[in-house]
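Q: My questions will all concern the structure given below.
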Amino acid sequence: MSCLRNYYCRAFGYKQSRSCYSRSLNREIANESSEVERRARSLRVLDIISSKSGGVSNRQDHFGFVQEFRQTDSWRFRGQAISEDFDLSRTKNGVSSVLEEVMLEDSSSSVKRDGWSFDAYGLSSAVRSCGLNRDFRTGSGFHCLALKGGFISDVYLGSSLVVLYRDSGEVENAYKVFEEMPERNVVSWTAMISGFAQEWRVDICLKLYSKMRKSTSDPNDYTFTALLSACTGSGALGQGRSVHCQTLHMGLKSYLHISNSLISMYCKCGDLKDAFRIFDQFSNKDVVSWNSMIAGYAQHGLAMQAIELFELMMPKSGTKPDAITYLGVLSSCRHAGLVKEGRKFFNLMAEHGLKPELNHYSCLVDLLGRFGLLQEALELIENMPMKPNSVIWGSLLFSCRVHGDVWTGIRAAEERLMLEPDCAATHVQLANLYASVGYWKEAATVRKLMKDKGLKTNPGCSWIEINNYVFMFKAEDGSNCRMLEIVHVLHCLIDHMEFL
């Protein structure tokens, strides 16, 4: 098997090697019983993870392609006119042939040449099509065309480019395009706000909204959905309330997606009373409304309320639960330790024609593990119809630490490291587990691997809202200039919890 693994390494690289060797390990695991076999398996796992390099991100800076183009001037155009119904149906293996049809090297730039032409509206349509097809490289090529043709000042084309870079995860580059736009419309403003909302940068979102209100563009319902998303992600209740007031002022109370966003925001920020008030008052609830409220109860450990709402869902509204609904109710059972109910809802999915997905299995594994049913959790993982991910193994590892099952914990840590070889926390946990059973050599090997890879555990961050501003801080970190206020608010919260 080692020869076969080495062959895969040479011929195809790391991923196939891991897949081939992992299948061999899984077959051998079933027959492991003796101390010698356990130690041998540990050595094999360490051999695998030590040979793995960290995964290199495939994320590209597509805007860099445009910056390179700005420094050179060697593009020309040919091809059929780009029209409003343009699409990327002619793509091959994810690399578009469109640019090859539209651009050649070393010739003069002309927006109309030999009977072929394009305009800003056509380019805008082409950029949108690139975004829909996730072909961001080609989209940046059309950005170059816009620069070459002098169309970059067009508001519709600029908005399409902002959306393109936002969807590619390059929010800062989207903002560069946005800043260069001489004119902006509601699409460009909303796209920029939603981009920063995805990163939970609520302060920037609100500043952009303030600038938008001073411009000629009026916000629409999607603008407020983006703002509420930012408040939801960062837990900014005060700012979320301000956005809520703005939606009422703008007459958007009856919009379903606004109501759903408000329910999610209030639930995430801990104000379940206001969340349920909006939920209860809205007559045209959809499955998202029910899911948001059930998930809110689950998040705050109110399992019985979540289950009661779930059981009312179909009789009261006729709304059929979906996979996300079951994820919410299973999560509520997990937090409350309701093993019997968790098994029931997991099996109930089949009655609604739903197949459990990875997240559902993860919830049930965590529920069983928290209750100390570690062998049942392990059997569930081994019998899953899909390959377990690192989250599931991490959940089992945590439960093993709590309940003192060292050997199952070692198995979970080893499996997780094979999936995430650069996870510093798992390295530390595995080293500690090896040490607890006297595997000193293996523990030293794991710590050496950490040192060689330069892995360090990252401290967790916390957020707190003071006077409508959200501040981030870390344990034993006094660098925040508002630390005294943060500590004061924390002490007030602790006193309040002790009083309850």
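Backbone N, Cα and C define each Cβ position, glycine as well.
Given the structure is predicted, the values throughout are model-derived calculations rather than measurements.
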Q: Tell me which of 344-374, 468-498 corresponds to the region 'Type E(+) motif' entry in Swiss-Prot.
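A: That would be 468-498, per the region 'Type E(+) motif' entry in Swiss-Prot.
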Q: For the region 'Type E motif' (392-467), provide the mean pLDDT of the predicted model.
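A: Overall, the region 'Type E motif' (392-467) comes to a mean pLDDT of 81.
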Q: Cβ under 8 Å, sequence separation of at least 6 from the ends of the repeat 'PPR 8' (357-387): give me the contacting residues as numbers and ranges.
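A: Same-chain residues near the repeat 'PPR 8' (357-387) but 6 or more away: 323, 326-327, 330-331, 333-334, 337-339, 342-343, 346, 349, 393, 395-396, 398-400, 402-403, 405, 408, 411.
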Q: With DSSP as the reference, give the number of residues of the region 'Type E motif' (392-467) in helix, strand and coil.
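A: Summed by class, the stretch gives 53 helix, 6 strand, 17 coil.
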